[in-house]
């Protein structure tokens, strides 16, 4: 903003901000549903109140001009949102001054420059102009001494590889965009090894006296803080603003009434304002002012991030703070833990597995690594050791046991490994621990290359179903050991779901009428007979698969009966008739859930995650542990150089992430551990243009 007017910034200056000014950023991205528009106004730390007010006003006007579809953000220097930071891949540079302070936005002779930039951040980089003095330095960050024709990058002794490489990317981008490529870059990684460059630094900064300051830890909101979501109703009463708390987590979508405006406070880390379609124009206009008023009333820092959202055009970030979110004209809610018998019927789409390699994004979407034609080996944990399971019994899992399933498949001629750890609901804590320890040993045996997948009983991922070729049976309790302590029940009921060899499983449910569901086929086994009960909503394919499973479960005669035509003995075996689920099913959430990538760190004993918006393979650094959330599963990507503490804590971090997720996530979501250089297709497919040779 210049003299309260909007003046376009030349493209080559994108990413450079004067601290005395305010800026407006319009960002448009094509999506499968049209386009997503974000409007940000950015406040420099030395900008005037008038300019800040004008910027907010312009954003509101632009929003109406664009038909109320943009998501609007208030950004404060040094505290920008992850979305904002994702626009400036090479980092953000803050320059001293601005129009108001008499500095003109013209680079005087571009080589006649002398400035020191303090570079911070690993996933999101920002560089602030600081005083030209050794006092500005510390041991943990990267500093760029910019002398026009020469840029010297000084790396603090406790910098990570990622910070150094991000610093270099920033130095190169200054060279290329501001100096037309005509500047030299020198790097000091260890002062002793670079006497010539140190000489130049001393000429500019003088001799250094005393010790360098220690690294400054980043102050970031941790996940527990972000999980503390509260919803407030905001309205005016006799010219006073009333803010009334109406709910805490888990929030549901029906709390938002179209006639009103609401503030959602995410633990003081971010404030959302939701504007109902039918709220008054005055209310809509006052959104930012109200948010800022709310921040002051709560005593939050004035740099707190604000996002203003219009009814019907909510951002992905906002939607996933709710337990379930349904779009107009679609029936699926945002995931929830379904109980057996009320499981969502996912329309089974036949897909051609031969396409997986040509189209990795299909592998990701279908959650399939390959066509499931590889080799299987299964062990049961017995007396805390691995006991091989008889191959005739492959596919039968008992809730009182833990199993290890090693799947081996070839990709470009080399074997790849997936190690599934299946944990029975009734297995002892010792067995579950032994299962994890044996998995680590087994992984070592295969050169630490296996992808480890934790499977909670009843939450088996799609690929797991596929490798058992339609013969997967899950028994509620008991064990598959030779000497069984308890006799098997005489009457058992199984729910069979699936239409082909790739997606079928049979799950034991309580043998009562209330367990039935019109959408499925059920198998009822008694000492005399095995009934195949076909619900009204099941298809021919589902009936065929159920017949195959029936042969595994029972050697008795098979009787097929249709819903409504049951003989009396059928109800007797189930202990009498009772109401059961019969309404048509909806589809589950994961279809419109945007995958999200986070950098995890719990260095300080606090669990902190930094989201990388619009992620790509470049964002996976060797010294990171990254979490990719695709809703149906959680991937943990472990870099080669990540530290042991974070590596060992990775699984705990993923569980913590699910526990603190504002949408009240299912804690049984599969957690998949992936190692750098051994990524399976169902992971790489979420990334655009994955390069398998990058490392």
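The first residue you see is number 1, and the count goes up from there.
Heads up, the Cβ atoms here are built off N, Cα and C, so glycines get one too.
Features as listed in TrEMBL:
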type	residues	note
DOMAIN	4-84	domain 'Gelsolin-like'
DOMAIN	125-197	domain 'Gelsolin-like'
DOMAIN	247-319	domain 'Gelsolin-like'
DOMAIN	386-465	domain 'Gelsolin-like'
DOMAIN	504-571	domain 'Gelsolin-like'
DOMAIN	607-683	domain 'Gelsolin-like'
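Taken residue by residue, the domain 'Gelsolin-like' (4-84) breaks down under DSSP into 23 helix, 30 strand, 28 coil. Listed stretches 4-84, 247-319, 386-465, 504-571, 607-683 were compared with the domain 'Gelsolin-like' (125-197); the greatest number of C-beta pairs under 8 angstroms is found for 607-683. Residues of the domain 'Gelsolin-like' (504-571) grouped by DSSP class, helix first, strand second and coil last, total 21 helix, 23 strand, 24 coil. Looking at 4-84, 386-465, 607-683, the range that has the most CB pairs within less than 8 A of the domain 'Gelsolin-like' (504-571) turns out to be 386-465. Counting residue by residue with DSSP, the domain 'Gelsolin-like' (125-197) contains 27 helix, 22 strand, 24 coil.
Counting residues per DSSP class in helix, strand and coil order gives 24 helix, 32 strand, 24 coil for the domain 'Gelsolin-like' (386-465).
Here the domain 'Gelsolin-like' (247-319) does not lie next to the domain 'Gelsolin-like' (386-465) in space: the count of CB pairs under 8 Å, restricted to residues six or more apart, is fewer than 3. Summarised by DSSP class, the composition of the domain 'Gelsolin-like' (247-319) is 24 helix, 21 strand, 28 coil. Across the domain 'Gelsolin-like' (607-683), the model assigns an average pLDDT of 85. In terms of DSSP helix, strand and coil, the domain 'Gelsolin-like' (607-683) has 23 helix, 20 strand, 34 coil.
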